[in-house]
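Undergrad: Have a look at the structure that comes next, please.
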């Protein structure tokens, strides 16, 4: 398996970096492309990531034509023929987000069978909210041997209150409701930008989704949907990762195409820490002097709170800021695994249930470390840039799921990073 080697200690990032389309947006968009029975769906600004290839294969396995033009970052989907109702286990088992095909398949075919999904090992991440919502819409759910089978002649509009604003459940139920008989209201819905992006695509397809980005979603069912063109929203987590990278390396970086509104919680905490963050016509500029930064307390929350997908990267920033910072993780359990690896680099930290205390400001040392999940892999690479000596990061399969040419982009900004093949 590939490794990334970082020569750290004096890294100072300067220049411009271009942000890709959002991984967390394009995966449900591909699931939504199952719904139209007329016309083709063209997705633009698609990131070239292993998760995208996996989702393409999930959709192809349903007898849907999927053509990925990597040079143009476009995917053309044609689901106008009869589609299968069993999602391919070979690919579903690789990725958590693949569960979002359950709602679209069920809505279109009246029957769906999907295996329990795989992906990052971050907590239990139960899918009960998905299933409860579908049951409220009239689906009969069976779980046997790791498979989920859902049946409904036609889903019925329903009032659904979600116990937690789950992004995946909101996406699944929103897509299922587009072809339901009647009106569905989802309360305590997720409000992430990726939810808004999905709603925009569905509405272009002929759906009637109202209230995306608020706590209450209203979906008025339609009889059929059609293909359309849609450009994937920019990746706020990739943007945030490079903003943090600039902050922890005394950098001056323009993060091109980054959307200010989508990154507001992160920007607020960076400014509280003392980082200079400004909005420019082409993106967001980050300028930092680490010696002047202050420790902060951060609590992850569903959007519009601080994103859990930026938690690991922000703890890397906390590690270089003198004093004690606190990170409280409220969204997922078991998401501090990267701190164990960072301790190998000299970080002093304590973890008590959902809270990590980071004692920052001590010079870190390069070490051999292993990625534990997608965002942890980015955090370890960022930490390697500020640690003295050589850091080797393994298990890059996690990194490739969510970042395109990550080490190349950092190299162009001034980091000394290489990727090598083999064990």
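Here the Cβ of each residue, glycine as well, is placed from N, Cα and C on the backbone.
Annotation comment: Swiss-Prot describes 120 as active site, proton donor, evidence class sequence analysis. The phosphoenolpyruvate binding site annotation in Swiss-Prot covers 23, 24, and the record cites sequence analysis as its basis. Look at Swiss-Prot and you will find 96, 125, 126, 127, 128, 129, 309, 331 tagged as UDP-N-acetyl-alpha-D-glucosamine binding site. As annotated by Swiss-Prot, 2-(S-cysteinyl)pyruvic acid O-phosphothioketal applies to 120, with the evidence given as sequence analysis.
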Undergrad: Tell me which of the binding-site residues 127, 129, 331 sits in the most Cβ-dense spot, judged by other Cβ atoms within 10 Å.
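TA: Buried the deepest by this measure is 331.
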Undergrad: Out of 23, 96, 128, which of the binding-site residues is least crowded by other Cβ atoms within 10 Å?
TA: 128
Undergrad: Hey, how far is residue 24 (phosphoenolpyruvate binding site) from residue 331 (UDP-N-acetyl-alpha-D-glucosamine binding site), Cα to Cα, in Å?
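TA: Each residue's Cα considered, residue 24 (phosphoenolpyruvate binding site) and residue 331 (UDP-N-acetyl-alpha-D-glucosamine binding site) end up 16 Å apart.
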Undergrad: Cα distance, residue 23 (phosphoenolpyruvate binding site) to residue 331 (UDP-N-acetyl-alpha-D-glucosamine binding site), nearest Å?
TA: 19
Undergrad: Determine, to the nearest whole angstrom, how far the Cα atom of residue 309 (UDP-N-acetyl-alpha-D-glucosamine binding site) is from the Cα atom of residue 23 (phosphoenolpyruvate binding site).
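TA: About 12 Å separates the two Cα atoms.
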Undergrad: Round to the nearest Å and give the CA-to-CA distance linking residue 128 (UDP-N-acetyl-alpha-D-glucosamine binding site) with residue 23 (phosphoenolpyruvate binding site).
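TA: Approximately 23 Å lies between the Cα of residue 128 (UDP-N-acetyl-alpha-D-glucosamine binding site) and that of residue 23 (phosphoenolpyruvate binding site).
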Undergrad: To the nearest Å, how far is the Cα of residue 23 (phosphoenolpyruvate binding site) from the Cα of residue 129 (UDP-N-acetyl-alpha-D-glucosamine binding site)?
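TA: That comes out at 22 Å between the alpha carbons.
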Undergrad: I'd like the Cβ neighbour count for residue 309 (UDP-N-acetyl-alpha-D-glucosamine binding site), meaning other Cβ atoms within 10 Å of its Cβ, all protein chains included.
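TA: Residue 309 (UDP-N-acetyl-alpha-D-glucosamine binding site): 23 neighbouring Cβ atoms within 10 Å.
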Undergrad: Measure from the Cβ of residue 24 (phosphoenolpyruvate binding site) and count the other Cβ atoms within 10 Å, all protein chains considered.
TA: 23
Undergrad: Please work out the number of neighbouring Cβ atoms within 10 Å of the Cβ of residue 126 (UDP-N-acetyl-alpha-D-glucosamine binding site), leaving out its own Cβ.
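TA: Its Cβ has 11 other Cβ atoms within 10 Å.
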Undergrad: Name the secondary structure element type, per DSSP in three states, that contains residue 126 (UDP-N-acetyl-alpha-D-glucosamine binding site).
TA: coil
